[in-house]
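S.K.: According to TrEMBL, the protein carries these features:
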{"type": "TRANSMEM", "residues": "20-39", "note": "transmembrane segment"}
{"type": "TRANSMEM", "residues": "59-79", "note": "transmembrane segment"}
{"type": "TRANSMEM", "residues": "91-111", "note": "transmembrane segment"}
{"type": "TRANSMEM", "residues": "132-159", "note": "transmembrane segment"}
{"type": "TRANSMEM", "residues": "165-184", "note": "transmembrane segment"}
{"type": "TRANSMEM", "residues": "285-310", "note": "transmembrane segment"}
{"type": "TRANSMEM", "residues": "345-369", "note": "transmembrane segment"}
{"type": "TRANSMEM", "residues": "389-409", "note": "transmembrane segment"}
{"type": "TRANSMEM", "residues": "415-440", "note": "transmembrane segment"}
{"type": "TRANSMEM", "residues": "447-464", "note": "transmembrane segment"}
{"type": "TRANSMEM", "residues": "517-540", "note": "transmembrane segment"}
């Protein structure tokens, strides 16, 4: 057996032609689905058909699309590394996901579905004014442009680990494929490629879990090694918010994070609104909750499996895995390299997760740019040809920009915590703004806008400063026990105790910067809501709740404000809004 580290790396990079065939077949299938919905299926080439699937989509494919859209390669590769390094404490976030399902299904989803909107941020104009709509749209655009390069970069790492192909060679190819089928086929192509990609993701993880377990001699070996090293652990009930993961951060912080990304983000809500009814949306929501929890469980088991396999020779310490998020691909090539085609199936699964997230964001960006940045600022109605040109140009332009930004992302660290931390800059304030609109009808637009801006400034300061302390090595999260005593190959042993040094210590850091990243979205939403309420009480004054259309409020709020006849009042508001559409007024303007 090879004894040099470089020889081991080269030995594992045995991506044969059957593997390339499986990988290319997945990309070709995505292209064919785009061609079918773009050229073969005879449907009107309208904005509603392209962005919303005619609002007649089926529950099961939409549910699978939601799963595929949310579970990117960041989760697929980052979560096994998280469990390998820190244990299963993160996995208790499934409690927050379940709570999110109840809250979204009964408070947020009915409001958006009743309004029959295309862009989620149309709600902010109807409830407040155009300034809030632009605020929401700009925050969404910034978040997506920052998030998508990470989505592309992560699977490129996996491909690099198993083939040695430079990440800047594979990322443009994958982006071109994704841009093509999204541009040509619209929402339907995105959804049905997501269906294929969801099965590919599940298949890849099940394959790895089954083969790895068999090689070790059974799941009891996996769980025993995890229990002995504290990776398989009970919930941590510590109330200290600076503890990285506790049951409270996963339940409350996880609930708020998932509520924002699923209940008010255009990327996800656009799929719910493509269904014909609220009941259909709720069914898709619960399939999504179950599917996501199952997928996270599979990823977590793979993390425990990797540890049981490498417990005596940590590949992160020896640099056999050059980046933390290459750990799962390394494991896959170790157990599957002698089975032609199966490594290709795994890589196809990882790229499926990336393609689904990328295509979803591109389709949503085309909706937001058209509805929020173009239509409100043109004096004449756009022709269908112009609308089609704008939607497809956005897909191409954003796709090219994100591929270029991969050069920036590769300079960053572990992606799971990094992504959630940076997303909170916009996610928390956006959730706070929507929550004010739906639940607090006496807050008016100036108060909400002030709260949103303060929330973004506060979260930018907190998140970027905290990431700086992490990058300098001042904030360090202790890993679970690891060992290199059983390594059978040579490596640079000076790496064992190598750490990033800092002139500061943890005690020098302001405590707020040490708060767990799981609380970031919660903090952003809380600051936004609190500042808005203070401005409403002390500066700008209260809004008269009865001037707000019942359709813009949660059911229990509108019954409290408008009484038992709120449904009739909602119909009257809709009739007024419908009658004024020709004058270009919003629902909010009509109500006033």
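The backbone N, Cα and C atoms fix where each Cβ goes, glycine too.
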S.K.: Sequence gap of 6 or more, Cβ distance under 8 Å, 3 or more pairs: do the transmembrane segment (59-79) and the transmembrane segment (447-464) meet that?
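M.R.: When sequence-distant Cβ pairs are counted, the transmembrane segment (447-464) does not touch the transmembrane segment (59-79), since fewer than 3 lie under 8 Å.
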S.K.: Where among 20-39, 132-159, 345-369, 447-464, 517-540 do we find the most Cβ pairs under 8 Å to the transmembrane segment (389-409)?
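M.R.: Stretch with maximum Cβ contacts: 132-159.
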S.K.: Six or more residues out from either end of the transmembrane segment (517-540), which same-chain residues have a Cβ under 8 Å from its Cβ atoms?
M.R.: 93, 241, 244-245, 249-250, 252-254, 256-257, 260, 417, 420-421, 423-425, 427-429, 431-433, 435-436, 440, 442-444, 446-448, 450-452, 454-456, 458-459, 462-463, 466
S.K.: Among 132-159, 285-310, 345-369, which stretch has the highest count of C-beta pairs below 8 Å with the transmembrane segment (447-464)?
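M.R.: By Cβ pairs under 8 Å, 132-159 leads among 132-159, 285-310, 345-369.
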S.K.: Can you tell me which parts of the same chain pack against the transmembrane segment (285-310), counting only residues 6+ beyond its ends and a CB-CB cutoff under 8 A?
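M.R.: That would be 59-60, 63-64, 66-67, 70-71, 75-76, 79-84, 88, 90-91, 93-94, 97-98, 100-101, 104-105, 109, 198, 201-202, 205-206, 208-209, 212-213, 215-216, 221-223, 225-226, 229, 231-232, 262, 272, 327-328, 331, 334-335, 480.
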